[in-house]
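What follows is a single structure, written as structure tokens, with notes after it.
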Amino acid sequence: MISVSASRPFVASRRAWLFAVLAALLVLATEQVVEHYAQRSELEEERSDVLNRLSTLRARLEAVVNINLSLVHGLTAVIESRPDIDQAGFAAIADGLVGERYALRNIGAAPGMVLSLMYPLAGNEAALGLDYRSHPQQREAALRARDSGRTVIAGPVDLQQGGVAIIARKPVFLPPLRPGGEKRFWGLVSAAIDVETLYQRAGLLDADHGLRLALRGSDASGADGPLFFGDAALFNADPVSVEVTLPGGGSWQMVAVPAEGWGRLDTAIVLLRTMSYLLALLAAVVAFRLVRGGELLASHSARLDALLKTIPDLVWLKDGNGVYLNCNPRFESLFGASEAEIRGKTDHHFVPADMADFVREKDRAAIAAGGPSINEEWVCFASDGHRELLETIKAPVFDERGGLVGVLGIARDITQRKRDEAELQRQKDLLDRTGRLANVGGWEFDVVSQRGSWSDETARIHDLEPGGEVCAAQGLSYFHGAARRTIEQAVQVAIERGQPYDLEVELTSAKGVRKWIRTIGLPVLEDGKVVRLEGAVQDISQRQLAEARARQGELVLDSVFQALPDLFFLMDADGTIRDYRAQKSAKLYVPPDTFLGKRMPDVLPAAVGELLGQKLQEVGEHGGLVTCEYDLPMVDGVLRYEARLTALPDSVHVIAVVRDISERVAAAALMEKQWKMLSDSQRMAHIGSWELDLPSGPLAWSEEAYRIYGVSPESFTPSPEAFMELVHPDDLPAVQRVHAEIIAGQQPRELEFRIIRPDGTPRSLLGRGALLHGGDGRPIRCAGTVQDVTERTLAENALREQEAFFRLLAENMGDMVAVLDLQGGHLYDSPAYRALFGESATLPGAEAFASVHPDDRDRVRQAFQTTIATGIGQRGTFRVVLPDGSVHAIESQGGVIRNAEGRVERVVVVSRDVSERIRMEDEIRQLNSDLEARVHQRTAELDAANKELQTFTYSVSHDLKAPLRGIDGYSRLLLEDHREQLDEEGRLFLDKVRHGVAHMGRLIEDLLAYSRLERRHLHGRTLDLAEQVGMVLDSRRVDLQAAGMVIEVRLQGLSASADPEGLDMVLRNLVDNALKFSRASKPPQLAVSGSQTGQSVTLAFKDNGIGFDMRFHERIFEIFQRLQRAEDYPGTGIGLAIVHKAVQRMGGRIWAESQPGHGATFYLELPR
């Protein structure tokens, strides 16, 4: 009995200890699980918090780097437009970039890779003269920037002038000198970004971010590069890492850990662990004292409550009817009540009815599902009024018999997580909206899977619904013809060689809409191999349309100028010629390249230049329209011009419209001369004229008619009635009858009649008249003459009238008139004769030969005798000696007066003093001699000028394109630095400006090439045509193969005499022309054949392109003339004009034969 009773306590003790140990182990295991998840949750939240803070620092660091590099890019754009910039100009620009606003410590420029420009200069003198090609630390990065053409980030490096900086090197390339040439390397722009300022601006040195930071990847080498900031041990401390992306490729790796390290033991975890140990102890005691189950249960409940108090989540338990059974303190803050106040109540006691019903519905849903149910909801905490977004998990709790105990709820605050997700979505939406506004979308293509994806805007550009993947075949299916071949080739080169591309091509969208796009592709390499292509696509259809409209407008404007006969000059206020427009056939005083950029007064002759200078000053002072006329010596002689000058509104320019009025002036002079001759003839012959307009009735008289009728235009208005009143009454019926017959259209009529002048004087007149008809055959007017024949009826006065007429004629002539007898004696001398020789030398009977110079006297006497013998007047020039001893040169013309029998009885000599004319002729001969000498001199000067003309041409090209490069650079700066400040229209305008500048650059190059044809010296020699064509085809082999063109050449044994460079230019343009207009043919073909004659060789270039209408044959060889739209067949419209000019200069000719849709054949004829 004793042994039995002694063993029971021992067994009970073993069982109690076993339950105690098991209970303790269970509690400890539970604590470990709870602690593990609590620590894991805490660590995840801590890492998430570190990542957020690190991402913010990364974004600030990238922003500071990009802002400073954008300043460098802007400076390089300025240098591209001003490659000859000096230290002063460089410092003026860099002054706004280096300072407290940015992290740039200094900026240097190294033309030819030698640092010679620096700002600020003070303190950086040691860096001047540094040759990047030989510097051990900076050589590799500098050469890499030059060879790659991209920005290269180097450093941090120690500067020669002291300090540490990150060096950004941007290569500068100048445009090619000739079209199609390579860009020229100018040098490097190097900017030193002070590392201390960079770290400070990015916030890396701030202590309040609570992180320990480290950076590695010097020289933008990424995660594999060396450390340059922070503690290297951080990379082995399980850090959070991000990649800092740098412009131009490359990156840094930035890592961070909390300032106090990971996994610091939170107070709640310590409390949890302590409580778990206590709970394990209590569980052991309760297990040991199983008989005291109630106490154990109470103790366990207390410890469970402690556990629930330590977790940040809301925990509660309801029964099946929604009555609260338990909750933790975190849940108490939701309702603002204690657990005791909450227990035994439902949600209706604490929240509005609709919210309580909603919560109850979610409880029922969890019970119905038989498992956890998750939802998100915003709640307002009654304790302090703040709101949180909670992720709620509700699960039904069943007892061991499957009966429903209640619903357990756990809620976690996800407010910050949702805010982060919303911010990420907002940034994505902003990017999508920005892409839509700019018509720019993104895309990505995986090289291995041959699958890709694109942004919503890219899908919209293709007229597709957003979303989904796309394969390579589908992506290429929207491109056709040459565009597809171009895209395929660019993608292939990008994948095989890692070479990016930037193309403008045409696509056909899913809805069949043809659009022009700009597509950019960038290869992404891993382990030196392209694994992915990333890029962007932009809809540029509107820009293409605008450029086409601009070109059309320019053509229309040029057509207007070609239709006007005037010359148009645009000048500055000082007369500097900036532009001109005229017909191609217009006559210019000097070629355009001679006067453009020069002052008009300096180009034209001195007198004309001075006149125009005065007119320009008058326009500047008074405005309005100012006109003037002047003469210019031209190839065809001296021409008369009229210039109209006026200032352009709201401008500093003056426009001059110049017209050749030589023909108008000559016609006016001729008309005036003819009218004067007619008036003189009528006056001398006493014949007046009249004209009667039949429709309107007015009668017009000539001046002589007024004199004949004895009236004046001021006092007498002629009319048929007024005329009839002057007719003698006895002759009036006859005059009226003849007048009616003339109007009736009978043959011209003649009538002699009498008049009585207003002064009562009778006169006898002879009148003639006829009816005149218009172009339509209808009578339009009557015209005729009237002659005073009164003297004919007065025979006794006839001789006196003739003598009076002769004397009137002789005495009013400027020439000298003398009447001599057959012995040379004076019978009559005109006043002009007497005025020269004196009265004594001209007395009747005086010998006319006495005053003739002794050396000329016999010759004059012989001419006098010949005149008498032949009856034909002799003309000659001789000298006379006047009474004052002076010698004058006389030019004389002889004539004879015959008697009734026809014998010569008088000699009339008309003489003119030509001393001044001979003197002027001598001066002219001397001037001609001087002019010939000057011509030889000017010819030599012209030869020297021609040698410098090529240099001048390139200078003109530079001066024309320098403003364009400035416009392009500054507009690019606006787009890069201030894009977000511009609206869509502003960005569109800047894009148009840049593309307009690019087009103008190409146009300038083509125009210069065209103008050089007129100036360059030709070097003709015999050339093998097959060899010349072969070299051209070899130079274009890549494009020809890409287009799939089939070429056949049959030129064996043919040669021609031509300039090698000129012929190469002609052949290249003809091959390019065939390639351009045959791309759509399948396949495009070109056949080159030739034939020869004794004098020439003819080449034929036959293609299977679109052809043209022969009505436009001449037009295709004119400059800027196009038959197709530029957007379909791009170009400047100068190619065939260059061909025509070059062939013409080589002594050949070119023509073409074609039909629309059947190709074209261009024939080139050259001398052998």
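Glycine residues also receive a Cβ, built from the backbone N, Cα and C atoms like all the rest.
Keep in mind that TrEMBL annotations are predicted by a computer and have not been checked by a curator.
These features come from TrEMBL:
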COILED    26-60  coiled coil
DOMAIN    114-204  domain 'CHASE'
DOMAIN    300-367  domain 'PAS'
DOMAIN    374-426  domain 'PAC'
DOMAIN    501-552  domain 'PAC'
DOMAIN    701-746  domain 'PAS'
DOMAIN    749-801  domain 'PAC'
DOMAIN    802-871  domain 'PAS'
DOMAIN    874-926  domain 'PAC'
DOMAIN    955-1168  domain 'Histidine kinase'
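According to DSSP, the domain 'PAC' (501-552) comprises 12 helix, 32 strand, 8 coil.
When the domain 'PAS' (300-367) is classified with DSSP, helix, strand and coil residues number 40 helix, 9 strand, 19 coil.
The domain 'CHASE' (114-204) makes no contact with the domain 'PAC' (501-552): fewer than 3 of their CB pairs lie within 8 A, with pairs spaced 6 or more apart in sequence. Sorting the domain 'PAC' (749-801) by DSSP state (H, G, I as helix; E, B as strand; all else coil) yields 11 helix, 30 strand, 12 coil. Along the coiled coil (26-60), the predicted structure has mean pLDDT 74. The helix, strand and coil residue counts that DSSP assigns across the domain 'CHASE' (114-204) are 21 helix, 34 strand, 36 coil. Sorting the domain 'PAC' (374-426) by DSSP state (H, G, I as helix; E, B as strand; all else coil) yields 12 helix, 29 strand, 12 coil.
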